[in-house]
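What TrEMBL records for this protein:
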DOMAIN    2-218  domain 'Glutamine amidotransferase type-2'
ACT_SITE  C2  active site, for GATase activity
BINDING   D106  L-glutamine binding site
BINDING   I295  ATP binding site
SITE      D370  site 'Important for beta-aspartyl-AMP intermediate formation'
Amino acid sequence: MCGINGFVERSNGNLSQAKEKINAMNNLILHRGPDEEGTFVEQLESDIIISLGMQRLSIIDLNNGSQPIYGKNGKLVIVFNGEIYNYRVLKNALVARGVHFETNSDTEVILKLYETEGESSFAKLDGMYAFSIFDKEKGKVFIARDFFGEKPLYYYKNNHQFVWASELKSLLPQVSKPEISKKGLNLYLRLGYIPAPHTIYGNINKLEANHFIQYNLEDNCMEIKKIQSDEIKESRSISFSQAKKEVKELVEQSVESRSISDVPLGTFLSGGVDSSIVSLCLSRTQSEKINTFSIGFKKSSFDESDKSRLVAKMINSNHNEFIIDEEDLENDIHQILDNFDEPFSDAAALPTYLVSKKTREHVKVALTGDGGDEVFGGYNKYYVGKLNQRYTNIVPKGLHTFLNKISAPLLRTPDDKKGRRYKAKRMMQTIDYNGEYYWDIISLGNTQKKLQGLLLEKNYIPDLFLEYKQKTGIDKPVSLTHYREIDRVLSLEGGMLPKVDRTSMLASLECRAPFLNKALWNYTNSLPEDFLLKGWSKKHILKEAFKEDFPGGFLEKSKRGFNTPVGDWLRSGLCKELESYIDSKFLENQQIFNVKTAQKLVGDHITGKEDNSDAVWTFYCFQKWYYNHYLKS
């Protein structure tokens, strides 16, 4: 695991300045790879300077895996962030063809594969990655990002330079002050995050998952291309028992491939279905006891550490449990939000950082259960989608409007995002008769109607998701396959994966997600939908595949999950700061929000008149970023 940077300059710069610049970029992402740094700087005949940089967290081939790595007598150069899980298979195939290797690192495998097969080789990589390759003979630079978008990659281009980096913080100093992106602003306020290719800045982009950029040094032109991987979308005929057997084999293989490491590793073990299965599978691949890590909470209503203890005892792991309280989370808010470099409002980032920080005291690598819900259909919103279809077929729209109005006061909830009343309220609010249900349910910040009132008219974008509807080919999502694909493209890439990457990397911990396996995704996409979501049983085939490995009924127990109490914090410890963000002068100078609407939204929450936790937290995170990053940049 590392962080990478790079740039191409077409100006009167000199080598010493370029070296200073790439070193400065590296220093800004030191937390991503504190073990070692590497740079490459070269001035080409046409007065073009190219620089590549990286910060390394050494995991594989500790002694010889330094970067950059060179090929073709110095005419190829690579820097790489991530892990290639099938690198040994790929390497053996290349060795059989007479290819010689200098190291045992997966980085060199990527380079030799490219040297042998060109850009088409990117489709063969199973892993999480962001890398850049400079091909001097072709006069091209390639930067690429993995299938799911586990590893981030930002880029900026103008008439005289092309810059890319793992994090915005190292890219921004190379860019003249960019304007706020209207698209990024709207996406953030709807979703609570900004999915690729957008960022909060108008002229900085995020490379989309499963894509690469081919940049031509001679004419300063670039082309964005999709990595051509085999994606199975057609259902096939297979018995449930056979599919169950194959699912178990695929999961076990994926965990084993993601356990390759030259340093100690462990698992995050929450006691839920996904992390319990990953921990079980890892324990069966290792000759010694594995390390498992979980967080417990002093507040008993939040604490579910008894489940993780049960699994740890069952697999005989070295279990480490960290007990925290709300104050621990609140104390780290500012550092964690600041590290995202752009607005981000998933409050689960707070406990994720704490468990990462504690885990890093013991190991360098942790396997997680992330991706299990997307791959196997585990979210409540998936079966609520089915209910939405049935409800709208039975209940006339006029009657629903009446029911929604009279139920609103009955479903008013305390600051509890896990309770039944909250879920019922959320469902009633998102019932849709126009095929927009799923686009609304993923909008955790503001509904379209509320956003229209919150933003000044000049800043509002009406059909915000049109671009993603066109990319996915899904205008009106009606099936589980549709829901999962939208989540892969938006929620996974833009929300969940940045949360894990930024918080774990802030602690210099590498997180690996066995469920985020291209082959596993393609396989579950080929199965009948009721294998994944059967009645009320979510992740049905996964639970059935591993049912015999756990105590009776264990995998059927619902995991309540921890609700970070941001709504309470906004009324207490964060209240003074929040109120400064709705000051009339501040809002008028900002020229983003409707002053009265923003003040009412926040005021109603602070006084307890309404529980606007989601919308106000989303607003707070944006204003905090605006004040600390944008105004001060």
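Glycine is treated like the rest: Cβ placed from N, Cα and C.
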Ask   = Counting every protein chain present, what is the number of Cβ atoms, excluding its own, within 10 Å of the Cβ of D370 (site 'Important for beta-aspartyl-AMP intermediate formation')?
value = 26
Ask   = On the 0 to 100 scale, where does the mean pLDDT of the domain 'Glutamine amidotransferase type-2' (2-218) fall?
value = 94
Message = Nearest of the recorded positions to D370 (site 'Important for beta-aspartyl-AMP intermediate formation') by CA-CA distance, picking from C2, D106, I295?
response = I295
Query = Where does D370 (site 'Important for beta-aspartyl-AMP intermediate formation') sit in DSSP terms: helix, strand, or coil?
reply = coil
Key: Packing count at I295 (ATP binding site) (other Cβ atoms within 10 Å of its Cβ)   = 24
Query = For C2 (active site, for GATase activity), which residues of its chain lie six or more apart in sequence with Cβ-Cβ distance below 8 Å?
reply = R32, G33, M54, Q55, R56, L57, Q67, V79, F80, N81, G82, S166
Query = In whole Å, how far is D106 (L-glutamine binding site) from the residue listed as 'ATP binding site' when you measure between their Cα atoms?
reply = 32
Query = What is the number of other Cβ atoms found within 10 Å of the Cβ of D106 (L-glutamine binding site)?
reply = 25
Key: Three-class DSSP secondary structure - D106 (L-glutamine binding site)   = helix
